[in-house]
Every structure is written in C-alpha cells, then in structure tokens.
Amino acid sequence: MAMASADENGAGNHNKNTDSLKASTEFQLKKYLLLLATLVATVTYVAGLNLPGGSWTEDTPGGQVAGEPILRETYYYRYIVFYYCNAISFAASLVVSLLLLVLHKGGNYHHLLRPIMVIDLFGLMGAYAAGSSRDKFTTVCAAVMVAGLAAYVTVAFLWYVLRRATGGTAANKKEESPDQEAAALAEHEILMVLAIFVATVAYVAAMNPPGGFWRSTQEGHHTGGDPILQGGHSGRYKFFFFFNTTAFVTSLLAIMLILDYKKLNISSDRFGVGRCGLYVSLVIAVGGLGGAYAAGSCRNLESTAIVLSLGPAVLIYIALQAIAGVSTDKLPCIGRMCSYPRKWLTVITRFVTDSTCTSRPPPPLTDEKEKDKILKRQRDENEKLNKAREFIQLLAILAATITYQAGLDPPGGLWLESGEGHTVGDSILLTTHPIRYKAFFYSNSVAFVASLVIIVMLQSERLVRLHILEATMILDLFSLMGAYAAGSSRDTSTSIYIVAMAGAVLIYVVIHIVFFTLDPEDMDTDVLDKCREVLLLLAILAASITYQAGLTPPGGFWEVDDEKHGHHAGFSILQDKYHLRYKAFFYCNAASFMASVALIILLVNPTLYKPAIECYALFVCMVGGMFGLMGAYAAGSSLHLRASIIILVLVALVFGFVVYLVLTGSHKLKRKEPAGQGEPQGGHVTDDAAKDQNQPGQGVQGHHVADNAAKDQIQPAQGVQGDHVADHAAKHQKQPAEGNNVADNNKAIYLMLLGILSASVTYLTGLKPPGGLWRDDNNGHSAGSPVLYDMDRRRYMVYFYSNSISFMASIIVIALLLLLPLLGYKSDHCSLHTVMVLDMLALLVAYAAGSARKWGTFWKVILLLLPTVIFLRLLFWCKNKYRSTAKPKPGVIAAPNQEATATQ
C-alpha cells in the first residue's frame, strides 16, 4: 500500500513554523482509520444480522418462532447488552468513516474523532464480552481482558483530554525529525492493517465459535444458544476462547499503541519499550490466532499436534529456500527441490507476458534539463503504477476473501439428513435448484480463481502498466454480480431485477454526467485522485459486506420441506415469517451491493470516473448505497418494530450529523480559500501527503527513512532552473539504492497483505468447516463434529490439511516479517514469496475440496486456472499489439522487463 509522509512540505513552506506543519496522528493514519472503521462496521453488520447463539429453525408449541434469535429467550439481558453495544459500535464506525471523509489537515474535526472512536471501541468490547461468553470461565476471562483494555483506553483518553485542555504535551516526548516521523508512520501503517484484520476475524470467530450452537434446550444437559463444543469438549473450547480473546484484545491494544505512538516514543530506537510493546502485542495476537485455530479446528489431540507441527515445517522449508539461494552448488538436491516453485511461476509469468517482446530503447539524451524532465515523468509513472497496484491488490484480496467463504458455506444451507438425491452435508440449493446453484458456484469459483491469479501476478510490472490486471478485475466483478444474482434469490425475475439495479446505477451516472458537465470546472488532479481512492475503499468494503449478507440472510434457511405450512428447504425463514421485512432487507442490501460494484467498475476507467467525480455523480451513488446499507441493517437485525425504530433513529442522527459537518466544513473552506490558491485543504489525504508536485524528486513512493533521506538529499532548491552537474551526478548515484529500498519495502507490504488475506479466511473456515456440523450425538457421531469428516473422510482431510497449511504458512510469514526487521535481520523476500505462492495454491486446493462434493467438480475448479491464465495472455497480446502500432510518446523511457527478477 502507498506509504504516507508525516508532513506536507510544499515549495516555499520550509520557513514556516514547524508546529503548523504537524498533523495529528488521526490525520496521518486517515486511510487506515477509514479501513478500521469500515471493517468494524462490516463485522458488526454481519453479527447484527446473524446473531450469536443462532436462530430457531422451526416453530414450537413452547412459543419459539422460527427465525427469532435463540439468545433473546435463553439469555435475555446478555442479548440486550450485545445487541445495543453492537449497534452502537456499528453506528459509531459509520460516523468515524464519514468524519474521515471530511477530515483535512488543520481542520476542526480532529478532536471529535477520539471520543467517537472510544465509544466505538467500548461498544465493540461490550458486544464481544456479552455475545461470546455463556459460562463462568468465559465470562470471567472476557471480563478481565476487556476490563484491562478498557482501563488503558480510559486512562489514555483522559490523558488526551487533559493535554488538550492544558495545551501541553507529554513530558517525556522527544521531538522527531521529519525523516524519523515519516519512517515511523510508514512502519505503523502496515502494522495497523495487520492489527485491524486480527481484531475483526477474532470478533467474527467469537460470535460464531467452532462446533456451532445448540438449537434446543435440554434440562440438565444444555441450553439453547450455548456453544456445542463447550459441553462435549470443554477443555478444547476453553483453550480456543482464551487464545481468540487474547488475539482480539492484544490487536486492539496494538491499534491504540499505534495511535499513541508519539506520546509513547515508539519510534525512538529499535529496542525501545514502546516499539517492543507494539511488536510483542502483534506477535501475541498472531500467535493467539494460531493457538485458537489449533484448538478449535480439531476434535482430537492427533490432529491438533499435526496442525501445530505445520509451523516448524514451514520454517524449515523457508530455511531450505534461503540456503538453496545462497549455496546451490554445495547442496544441489536442496537447490533443485526448492527451485521448482520459482521455475513454474517464472514459466507462467513469461507465458502471460510474452518474454520475447522487447521494450523500446530510450531516446538519446544530450542535456541535463531533458534528463530532469524524463526522470520526473518516469517517477510520475512509477507513482501511478504503485497506486494501480494498490487498488488491484485490495480489490483482489477482498474478492478472494468473500468468494472463499461463500464457496464453502453456500446459500440455501445444508441438508441435516440424507434423503432422495442427496446426503447429509450437501447443499440444499444443489438439490432444489441445480441450475441456479451451478450458476452461483461457477461464477463464484471464477471470481475466486481470477482473484488468486491476479494476486500472484501483481509482481509483474508489465501486466500492471498495460492495465491487464485491471481488465481481469472487471471479469472478477461481473462474476461476483452473477454469483450474487443467482445465489441470493430463488426465481428468475428477482435475479433480473438485481442485475438491473447495476444497470440503473450506470445509466444514472451517464445521465448525471450529461446534464451536469455542460459548464465543466476541472478539478485538481490531486483532489480527483484522493476522491477516487476514498470512493474505491468504501465501495470495495460495502460490496464485500453486502455480498455475504445477501447470500446468507438473517434468520437462516428452512432445513426441511414442510408441505403442511408451505415451507421449502433452502428458502429464507424471514421471507416466509416476515415477508415485508425481508423484502426491505433484500432490496436495500441488493441495491447497496450493485451500486458498489457499479462504482468500482466506473472507478477503474479514468475516462469515466473523472467527469463522474467532478459532477458528484459517484458521491450521490455512494450515499445511496450507504442508505441502502442502513436500511438493510434496520430491517434485518431485529424482528421487533421497537428495535428497528431505534436503529433508524441512530441512522438519522448519523447522517444528520455528517451533513451538518459537510455543510459547515465546506462553508469554512470557501471562506479560507483565496482565489487561485491551488488545492483546497480538504484535499489533503493521508497517503498522498508525501506527494508534492512542485518537487520533481518526490515522485517515487518510499517506505523507509533511508529512502526519504535520499530523496531529500538529491533535491536542490525548489523552483531553480538549470541545476548543477554535481547535483545531477549525486541524484543518479542515489537512484539505484533508492529504487532498491522502494522495491524491498513494496515486496514486504505485498507479502504481509497476502499473509493477512490467507490467515483471515482460513482461520474462519477452519473453525466452521464446509458440510456443516452435527447437532446431536446419535448414530455414532458427536455433536459439533464436522459432517464431512464422517461422510467423506478423504475429501475432508484434503480440505483440512490444505486449509491448515495455508493458515500456518501465513502466520509464520507474518511473524517473520514482524520479527526479523525488529531484530536487525533482513527478510529473505524471495523465499517468503515462494512460500506465499504455495500458500495460494493450498488455498485453491482447500476451496476445491471444500466447495465440491464430487471429484470431477474438484478438478474443474482447479482447471479454471488454465482459462484464466489464457485470458490474461490474450489480453496482453492484444494490448501489446495495439501499443506496437501506436506512436511512442516523446521522452518516455520504456519500463525494464522485471518479470524475471520479480519471480526468481
């Protein structure tokens, strides 16, 4: 991801007071706080629609109504605390997200963020403690850990209020140079992303623990809504709960430490107390996920021991990779064994990018001015390349995440017992609507496989420069739309209406552009890019949350046919019991999803998004999508009118507050902005703060203090024409080292994000395996155990060990990327990259084994790799042929062929 600078020094601003240039931590980490708020909104949205404890699956004489939450009847006060804490956290996350959209350096909204973030954090912790615990041990464990974190948050917030009231600073705070602050910020950004993902997956796992919930109450044995594993495997469940809660609390602690890093002097030295505390908390959080996975995904000691042994095995393989790279001649066997994955990746990359193609030779350069222009243009191209790669990476990761989970937990639910044409654990939709299920399954699988291919191919610079991967993402998005339309409804007309919503959004944008660009006003390029980035982030995350909710609506599905009451297996319970409420949820959720996907498609093409942003058409669509999201939550999170009204009031307050801030903020900006002064204050977005178009030497994004120092050293006085030859010589000498630093740090961030993707999806699906879980102890099986293990053990073993290998490899890579730089060692990115490629392959095998019930379907999913790679090859061939006939731009240096170095 793009790294941000700690200050915004423009041309002519060097003599200003240093304090005036200091931005708050909230402003500096703006994009990552936006990611935090949206992901918290995502998990609280899902938890609000699929409440912990599950829902009643049928009407009973005792008064239980199918679709109602079990926890509301069995643990009423615990349910009330969870529901409103979760709703408060959801609303506060939306407020934070919308505040961050109008946040600018020097604005008046910084002081509002911390109180709302504290409310958000307390709501999330209260919902976790109330929704995840049932007995004495889990209640005490969650209460102690959450209370400790709450005490720290309270003290930190009061200290912040005291400092703000007195106008003072921390007594022990050391002033940092801009380079030190920039390096600290660059380091903390990726740590922030890691902490966010650990916290969110731990929250989801606690709300849906391994083994599932009891759907009935049996006196003296269990209560409805209790975790099944808590009774049958009490010790195992306690280990899972302790490790998962540890991961949740320590990741939240890491987020607080990052936000308070200035006060704690985290970046003062390598082994400082604050910096070590941050890294140790993250390592404990990642280790907590590992321990929780080993305890929750297995039901016997043998499987747990095998899962734990996968960690040392991955470390040994990484060590062998490193040894093979250093001394291939001395250890030829190890060298050959470890070189196969790299060779195959190189072969595939060369096939796609046609290694026989040659780049145009650079034009001859004679004077230094021409060299300056070309270097500046090349740096601008590199910056655009990094931004494109960042967008593709984020979209591909989230697409792979939601499609992996949807494939293993398909819409319609699973059969609880064998019958005519099906066995227990099979998809209900496959039996009742086979054509619709196949349309969903293959659309979802194409999106998943395409996302994995894109993620692996991201290191190919030529594919990114030619926009091949962006075109492939369009295929990914259309596959998502097809899978959603097929899986969320049960009749053809409804599917057509859903797809028509996306078309309506596109038509509206075109009409809006036609009527509101008759008198165009060009928007500043920087402001345009920043608006695009924010809209992309919101649209991607909104699409991911609504995709999951649309395929698995609140209340669950009917599990058996009931001709007497007119119920059909695989249909939504809410649709039959509360038809109007279901319609409101369904269409609000579908409108939000389709609007988000349509926005992403528009934001890929500059020709489309530039006029659409300038005339605010995309902002209107995004606000409409957010209203749809709120309406879906209010309709689906509770089946009682009073609770829905309270949620709608919260929604009204949120949007009224934000509209007020936008109106007052725009009025103040108009008063402060003199005519012709350049970029408005609202345009200063965190991750673009490092970019200054008046400084030609700052076009390349860097992530390390040495990189920033090199850039500062090679920049002469700004605005001076005709630099000295000595300055140019120094610039050219520093350029290779600077490029190496940028490439190394980009690779580390790429690997970290891949590890986060794989660990997050494999963790949740390992705890909730495909095929469902037994709900009773009859016929030789135990409640809470995987159905697939008893019905098709070989398939289950292929899925389980592939999923476990992917998970353990991911957390090992994450831990190494955290620990090695802290201890002063340089990470071997080639070895880690090879491990992550094999990790993606294991993820594909786990998906194919867990989502299919026939080996023929398994191989079809695996072989989807071939048409995807061929599609990339054809796109590259067409694009390269078009470029070869086009006229070259004057003064552009062709990019070197870096595929071999990226994959070897």
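Every residue, even glycine, has its Cβ placed from backbone N, Cα and C.
Note that TrEMBL annotation is computational and uncurated.
Residues or ranges marked as domain 'PGG' in TrEMBL: 29-134, 187-299, 383-490, 528-639, 746-853. Residues or ranges marked as transmembrane segment by TrEMBL: 32-51, 81-103, 112-131, 183-206, 239-259, 271-294, 306-327, 391-408, 439-459, 641-663, 798-820, 858-878 (among others). The feature region 'Disordered' is assigned by TrEMBL to 671-704, 717-740.
Just going by CB pairs under 8 A, the stretch in 29-134, 187-299, 383-490, 528-639 that sits most against the domain 'PGG' (746-853) is 187-299. Each residue in the domain 'PGG' (29-134) has a pLDDT score, and their mean in this model is 78.
The helix, strand and coil residue counts that DSSP assigns across the domain 'PGG' (29-134) are 74 helix, 2 strand, 30 coil.
Under DSSP, the residues of the domain 'PGG' (746-853) split into helix, strand and coil as follows: 80 helix, 2 strand, 26 coil. Summarised by DSSP class, the composition of the domain 'PGG' (187-299) is 80 helix, 4 strand, 29 coil.
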